[in-house]
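TrEMBL annotations:
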ACT_SITE  Asp551  active site
BINDING   Arg511, Thr523, Asp551, Glu600, His603, Glu622  N-acyl-D-mannosamine binding site
BINDING   His603, Cys613, Cys615, Cys620  Zn(2+) binding site
DOMAIN    70-408  domain 'UDP-N-acetylglucosamine 2-epimerase'
Amino acid sequence: MEKQPGTLSRDPHELYYLRMQRSKEKMEKVKSEENLYQNKRRLKVCVATCNRADYSKLAPIMFGLKSHPEEFELEVVVLGSHLIDDYGNTFRMIEQDDFDIGSKLHTIVRGEDEAAMVESVGLALVKLPDVLQRLHPDILVVHGDRFDALALATAAALMNIRILHLEGGEVSGTIDDSIRHAISKLAHYHACCTRMAEQHLIAMCEDHSRILLAGCPSYDKLLSTYHRDDYVDIIKSWLGDKVKDQDYIVALQHPVTTDIQHSIKIYGLMLDALISFNKKTLILFPNIDAGSKEMVRVMRKKGIEQHPNFRAVKHIPFEQFIQLVCHAGCMIGNSSCGVREAGAFGTPVINLGTRQTGRETGENVLHVRDADTHNKIYHALELQFGKRYPCSKIYGDGNAVPRILKFLSNIDLEEPLQKTFCFPPVKDSFSQDIDHILETQSALAVDLGGTNLRVAIVCMRGNIVKKYTESNPKTFEDRMHLILKMCKDAVQDGVHLNCRILGVGISTGGRVNPQEGIVLHSTKLIQEWSSVDLRTPISDALGLPVWVDNDGNCAALAERKFGHGRGVENFVTVITGTGIGGGIIHNHELIHGSTFCAAELGHIKVSLEGPECSCGNQGCIEAFASGMALQREAKRLHDEDQLMVDGMEMKLSEQITAAHLISAARNGNSKADAVLHKATMALGAGIVNILHIVNPSLVILSGVLASYYQAPVQHVITERALFSAQCIKVVKSDLEEPALLGAASMVLDYATRRTY
């Protein structure tokens, strides 16, 4: 048979051989992939829990490990006060959570004094080697600063078992600091909660690449479950049917092991103050530290367990405890829960004594460090009870567990076990850029203008990561709905953009009470915008702290953090836009005034007569020099057919603006030039008045007219200011978005520096 042109013919035996060869290669590839999968051994993680408090932090991680059986093999070891009847036999809640407990170690030597704590550590060190040798984990997860945890870390380190330490780098009072830092030095890996804790670990010469800024794991559960519908039933089950939301107190006080007698005295004073305050109180027994036995004796001597206003309990399940703290009128004591978890709800807290000294706290915490009298504690209760504060996320955003699981999965067991320390400590920086560890700390900035509503994600360096713009609705309801929608969209986008949103800053026109987050009086450009509480609905909807200030003050804050005002002790920012506004920075701080109308620079009178201002007066700077004033004069000249000159072009449909007036003056129009000269003199005279009152070292002009006004205003200062003020410079702002950057700076400054 003849071959067809352009075709190839092969021997049948050759074709058969090729098919067999390809089949064999395919089978070998599949077998290789199966072997690769089988050779990827699961990471064996041992989680050791010592008490009810550390279990609330470890449980979310344990659930996360258990939900990924293809990657992790979970072992659970229980020791410490979990196994003591007087402290509620809390190991049962671990079993109720359906975890298999691999080992239960009775390690507590009773006595509740310093010697008993030492003996308990020794007993744990005797028992732990057998358990760790039998389980042979790849990683041991240890939490916090308890003496039990120190025994765990010591045993694991000596047995060459890698250690992941949670919540290292934090600072508090008592012996806990020393124990916490000792565990950090034994640990190979760290999952810390705050930026400050991370910096402390770096300063302790820990390896950057082994530090994870995760947030507190308890926040994952806390932020996802505290909006429960059954909270009323939980309150009633613990405190009775008559107790209402925010009408009770949660008390939790532990011994201070470095000053036991003084802490027992404070405990007695706290109980006396609570009895006098006469509110229903849920009081938890103290932990097992030295001095706890004496504290329980004080409680029983005062008859707290029989008192009708008190309910004394040894243990409350964490999910229910969250609800009780969230809806309490106040929390009092020295528990870390008060300075950490309670801030996420805005619950008012009274922190007694020195046990939490150095902790980062939100503004919800009132410290009574020298709690030496009953009256002092009672007065603190009067100040705090029933208040509500902005929600704080200093210690986490609800995404700690996914970060920790990813961190664990990336641990290379082939790396040398021996720790290496980084000497000397590295220079502080905004971000360590470890791709699977650190997110960019960012703020959500909102700018409410007369025309547009803008929202932006702004990072610590002042870069705008993403911006959203919509027309500003005319009604209050539509405006609030749009603000919440845009903020929620931005928060969701922030997750994908690797940005951790620390809070929301809002810049708006009008007079604002920044302490309460309320717009007191609005400008005419924004309708239905007076007596508006912005903080509460936005904070409640987003679960983030919210700051509010007017646009002039925000422009000054933007310059202080990102612009010409950086490092300048005293300066004034003047906005020259549609209106005239600004802000005053004195001694590095923004001046608000007694009724929040300081720095209303546009309403400084420079003439007893003059044109009418939007505020109702005559002769204000804004009536002469604002964009609206220049537009008004440009329209007047245009209507009189005296605006256009040779060299100017304008379409028939084009709207007359201040830009046309400036263009006419530059092209030789004497009437336009006269208007601008009067505007410049008015603005210059107003700024001279400011120089003579607050005497700043710098004036920063911001807004669309800044480039035009800069040189003429400098000339007016040189001619009309007092000799000692004539040298003060006027500069044009380099910031493109001062309102957004100023709103962001409120968040970035305050959300990252709260140390009390």
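Note that Cβ sites are derived from N, Cα and C of the backbone, with glycine treated the same way.
Here His603 (N-acyl-D-mannosamine binding site) is compared against the recorded positions Asp551, Cys613, Cys615, Cys620, and the shortest C-alpha distance is to Cys620. Note on proximity: among Asp551, Cys613, Cys615, Cys620, the recorded positions of the record, the Cα nearest Thr523 (N-acyl-D-mannosamine binding site) is that of Cys615. Surrounding the centroid of the Cβ atoms of Arg511, Thr523, Asp551, Glu600, His603, Glu622, where the record places N-acyl-D-mannosamine, the chain contributes additional residues within 8 Å, namely Gly509, Gly510, Asn550, Gly552, Gly579, Ile580, Gly581, Gly602, Cys615. For Arg511 (N-acyl-D-mannosamine binding site), the same-chain residues lying six or more positions away in sequence with a CB closer than 8 A to its CB are Val519, Leu520, His521, Asn550, Phe596, Cys597, Glu600. Same-chain residues with CB within 8 A of the center of the His603, Cys613, Cys615, Cys620 CB atoms, the Zn(2+) site residues themselves not counted, are Gly602, Lys605, Ser614, Gly616, Asn617, Ile621, Glu622, Ala623. The CA atom of Glu622 (N-acyl-D-mannosamine binding site) is located 7 Å away from the CA atom of Cys613 (Zn(2+) binding site). Neighbour density for Asp551 (active site): within 10 A of its CB lie 26 other CB atoms from the protein chains shown. Long-range Cβ neighbours of Cys613 (Zn(2+) binding site) (same chain, at least 6 residues apart, Cβ-Cβ under 8 Å): Gly602, His603, Gly619, Cys620, Glu622, Ala623. Asp551 (active site) sits 17 Å from Cys615 (Zn(2+) binding site), counting Cα to Cα. Those residues noted as binding N-acyl-D-mannosamine (Arg511, Thr523, Asp551, Glu600, His603, Glu622) have their most widely separated CA atoms at a distance of 16 Å. A simple Cβ count within 10 Å picks out one of the binding-site residues Cys615, Cys620 as the most packed, and that one is Cys620. The number of other Cβ atoms within 10 Å of the Cβ belonging to Glu622 (N-acyl-D-mannosamine binding site), over all protein chains shown, comes to 27.
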